[in-house]
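Since the structure comes first, as structure tokens, the remarks are kept for the end.
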Amino acid sequence: MPAGGRAGSLKDPDVAELFFKDDPEKLFSDLREIGHGSFGAVYFARDVRNSEVVAIKKMSYSGKQSNEKWQDIIKEVRFLQKLRHPNTIQYRGCYLREHTAWLVMEYCLGSASDLLEVHKKPLQEVEIAAVTHGALQGLAYLHSHNMIHRDVKAGNILLSEPGLVKLGDFGSASIMAPANSFVGTPYWMAPEVILAMDEGQYDGKVDVWSLGITCIELAERKPPLFNMNAMSALYHIAQNESPALQSGHWSEYFRNFVDSCLQKIPQDRPTSEVLLKHRFVLRERPPTVIMDLIQRTKDAVRELDNLQYRKMKKILFQEAPNGPGAEAPEEEELTPCSQEAEPYTHRAGTLTSLESSHSVPSMSISASSQSSSVNSLADASDNEEEEEEEEEEEEEEEEEGPESREMAMMQEGEHTVTSHSSIIHRLPGSDNLYDDPYQPEMTPGPLQPPAAPPTSTSSSARRRAYCRNRDHFATIRTASLVSRQIQEHEQDSALREQLSGYKRMRRQHQKQLLALESRLRGEREEHSGRLQRELEAQRAGFGTEAEKLARRHQAIGEKEARAAQAEERKFQQHILGQQKKELAALLEAQKRTYKLRKEQLKEELQENPSTPKREKAEWLLRQKEQLQQCQAEEEAGLLRRQRQYFELQCRQYKRKMLLARHSLDQDLLREDLNKKQTQKDLECALLLRQHEATRELELRQLQAVQRTRAELTRLQHQTELGNQLEYNKRREQELRQKHAAQVRQQPKSLKVRAGQLPMGLPATGALGPLSTGTPSEEQPCSSGQEAILDQRMLGEEEEAVPERRILGKEGTTLEPEEQRILGEEMGTFSSSPQKHRSLANEEDWDISEEMKEIRVPSLASQERNIIGQEEAAAWSLWEKEGGNLVDVEFKLGWVQGPVLTPVPEEEEEEEEEGGAPIGTHRDPGDGCPSPDIPPEPPPSHLRQYPTSQLPGLLSHGLLAGLSFAVGSSSGLLPLLLLLLLPLLAAQGGGGLQAALLALEVGLVGLGASYLFLCTALHLPPGLFLLLAQGTALLAVLSLSWRRGLMGVPLGLGAAWLLAWPSLALPLAAMAAGGKWVRQQGPQMRRGISRLWLRILLRLSPMVFRALQGCGAVGDRGLFALYPKTNKNGFRSRLPVPWPRQGNPRTTQHPLAQLTRVWAVCKGWNWRLARASHRLASCLPPWAVHILASWGLLKGERPSRIPRLLPRSQRRLGLSASRQLPPGTVAGRRSQTRRTLPPWR
């Protein structure tokens, strides 16, 4: 599908092949409007090529959102081209003409919602099963090809002439599954479609949910939550439980089928293939169920159209004499042909109908637009009542004849005839548009033509034309239904635009989120690519460095190997040279030895001359051979030893060289490893930096997504709130119009008698009728007060609640004088009782009857958060589904009258306490001074102090200076006391005499104490001086504190601290630290206690119980760490930080320390008790009994501290506690009590 290009452009060959090039106005004739919806209109037409009856859906793609409309048309055409199934609508083609797409499909008689509209009652279960079976077969075909319909409802389940059930209106369908678009009709939407933008995608199971809602619609004539605003219904569907059948007469198979379709979790919901095997759709039923239903509906449509035609004929015949140039017609009996033609006269367009101005206004939405028309009652008696109401409305509207005639006049030009049910475009020159070659002609009967405008043809000719072709336009839609859809389409354009705008806004939000996510994904990919390139560059550099290092190491190894070989050759040559020298020396020595031995042998032979010469020669030869043999052996031994030595030295040298090479290799490997470690560290640091950068980027992106989602949610909530307010205004206006119409329909006798009300009868007060009977009595409603009642019922309950609180008891009324006083206090003046008396005081109709059809919806929880808690509390009054709204108002005392302003709660509390509110005037009776009585003069005995402050400043300065001097020299303390006493006495009012008396008393006391202590008690003078200084210090401090002379103790302290600087600085530091500890102490103490408890909880259970027995763990600490363990019920008492009441210094009281010591002792006592309990468990029973009788053993009370049991035991205990004991039955309270949700 092309994303760009203007609407209607066929430059793309894939788009151009979807549409035919022919002119549709030349191919199709006899166009008649048979339905209307948000997309446009649906027309009945005939193909001039083969006289085939078709349905044409005209969709305009001009105006606003033209590109979106064009894309929707392309998507629907592509979807229809792929359908090849008997239970889906057959596609004939699509044509373009003047920015309008003509989508040609096969013609069907009507939809399942038309059956409900015609019969005014639900379908039978066997009929619902047949319709559901056909729809399921179509859905199974779609789902097998990964298609989703997404708009399954009774208005889109069509019935054909052969009795086949077909799925239609594929404008919301999706070719690909899964999908995530917000598409469909609100009341039939599945929860996952509503939450698709937030929670993900959905598949074909959404059609199964819509089919379940459609079953409820066919069984109850309307879907659940239909009396609620569409926006509120979306929230209820997503949040509340699944709906179910209300009536109890349906079979268990049907209930199980609906419950299976309406499973809230999509995974638990069966597919269409599985539902085709359900017992509800497979059980036996007559094969002609659909045909019988269609035939019965046709008969009902014929009867309704006959009735409507008789009403129209009566109006035309009554108005005919008043027309210009019209003659009074004479009524005559209708022939059978004309009677059969009556129901189809409106659809054929042969009469200028006034039906458009006489239709009953409906609150429902058109079946082919957004929902089925279900604004009717459920039985045949209600149908008769509605027909009577229609007759009364038509009689009332007879007075508006001229305006109605102007609306029904035929338009000139193309001879377009405007009727209640169709708009027929007749081309000039075509006399008969209804000839059917496949239908026999009927002989027309005589019929008196009604009065018609001059531009129209004769009525008898049109009737004859219709009689010849009455069967070629078979339908199960009444003329009033088609007309009502046309009127609702014109009137409810704002509602459709609102809902389409809401869907468009949701789609735009989804596109915006997808665009944002794609942009952020691109940023992440770019960031990841940049980091990857950086990492690869670093790794490439590391590889280059490693290669250089490897080449260097290789060169070093080769150089060392060559050097080692050269050294080895030198070493071998050196050893070989030495061995050669040794061998040459040996050979020289052997030669010398040989010569010497030869001479010795010769000398020995010469000494023995008797030996023959031959023997001498032989003996000498043997001796020489022996000598040579010994020399050869000695040479061979030397060579062997040299070879061994050579090999040994070579092995040793090679070993030494191998060790050196190994050491070198180790050094090189260590260098290589160090280099690789450095590179890995740098790479790890780079990866950490990249990870941190990636984390920051993802965090920023998540924040951007969350901000966008929050903004889009805020806009969505604002839009929904605005739509709800508009819905309230629209319903209020409709209710006012309905009330006005009902008041106009009242008999004139009642209106006349309303003005003749006796004077003795009571009238309506400001807050309700003064003569209040029982709440169930019918209270008349005047036309002048309709706005007040409607406004009270439709949106201003929050003002009635304070009114009821003011009145006290519900339903009480006020006297006229009280009403006048309240009106003056609140700023509103109630009118006189005569003004509240209306013409409808004796009307005999009940408001509760009209309120049964109009229910004001209750808001969802999200909308309550938007509107506020006060408005949400007021809206809760509308959630009474089965009650009567007006009866509730009468019971609560909410009747017509001016709305009182609520009294603030603060003023009520003040009045209850008996005190006057702030701002009220006081009189002399309350203790206030009167302006007539002069104020009393001040008493004369009081001394008038001089205005000069110089003496006081001098005395304070003198005392401060003396105090500073006393701090450095403690011997001046008595002098300071002696000066302080007369100064304070002089300031007290005694003057100089009092000062002298105080000085004398001080000196006498000092002298007397000295005489008594030093003379009588023989106290040392030094000790007396120290005692006098201490007494004087205490006296000075007490007197200065009593008189407020803060300079004295401050001077003493400053001088003392300056005299001892080594002590002053630590004291200042301790003071600062104490202040910080005092501020941060509770928080630190809580943190340390929590840390201590966490450390204890990580220990084994045995150790924890031991510490718990020692008093190391208390209830308070555990409850502070685990607040929910101290709950008493289903709610947790979470600790809330609150300032402690009382003196914070009480925590350091000695009693607190004693309490802690007592807790530790108690813990050790508990430990001893446990040990004694274990010891007692080992004793025999008689010994335990004796110890218990002596008082040494006592029973043990269970502790409130939770035990740390294993998880398996806790689960077993929880499951065992939830199970009831065998043989017990749960009480009524436990059965009826609703399970509370877990505390969050």
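Any Cβ shown, glycine's included, is placed from N, Cα and C.
Beyond the ends of the coiled coil (493-528), by six or more residues, the same chain brings 38, 65, 68, 180-183, 186, 197, 230-231, 365, 369-370, 693-694, 697-698, 701, 704-705, 708-709, 712, 715-716, 719-720, 723, 726, 730 to within a C-beta distance below 8 angstroms of the stretch. For 493-528 (among others), the entry in Swiss-Prot reads coiled coil, with the evidence type sequence analysis.
Across the residues of the coiled coil (581-608), the predicted structure has a mean pLDDT of 86. Taken from Swiss-Prot, the feature coiled coil covers 581-608 (among others), and the record attributes it to sequence analysis.
Positions annotated as coiled coil by Swiss-Prot: 688-720 (among others).
As annotated by Swiss-Prot, coiled coil applies to 805-934 (among others).
The compositional bias 'Pro residues' feature in Swiss-Prot is assigned to 931-940.
Per Swiss-Prot, the feature phosphoserine maps to S9 (among others). Residues near S9 (phosphoserine) in space but far in sequence (CB under 8 A, at least 6 apart, same chain), listed by position: V15.
The phosphoserine annotation in Swiss-Prot covers S181 (among others). Sequence-distant neighbours of S181 (phosphoserine) (same chain, 6+ apart, CB under 8 A from its CB) are S174, A196, R507, Q510. In the three-state DSSP reading, S181 (phosphoserine) counts as coil.
The phosphoserine annotation in Swiss-Prot covers S422 (among others).
Marked as phosphoserine by Swiss-Prot: S663 (among others). For S663 (phosphoserine), the count of additional Cβ atoms within 10 Å of its Cβ stands at 10 [all protein chains shown]. In this structure, S663 (phosphoserine) is part of a helix by DSSP.
What Swiss-Prot lists as phosphoserine is S782 (among others), and the listing cites similarity to another entry.
Annotation comment: Swiss-Prot describes S830 (among others) as phosphoserine.
The phosphoserine annotation in Swiss-Prot covers S832 (among others).
Feature annotation from Swiss-Prot assigns region 'Disordered' to 320-463 (among others).
Residues or ranges marked as region 'Disordered' by Swiss-Prot: 899-946 (among others).
Annotation source Swiss-Prot lists region 'Disordered' at 1212-1240 (among others).
Within the chain, the coiled coil (581-608) has long-range Cβ neighbours (under 8 A, six or more residues past its boundaries) at 616, 619-620, 623-624, 627-628, 631, 634-635, 638-639, 642. When secondary structure is read from DSSP and collapsed to three states, S9 (phosphoserine) falls in the coil class.
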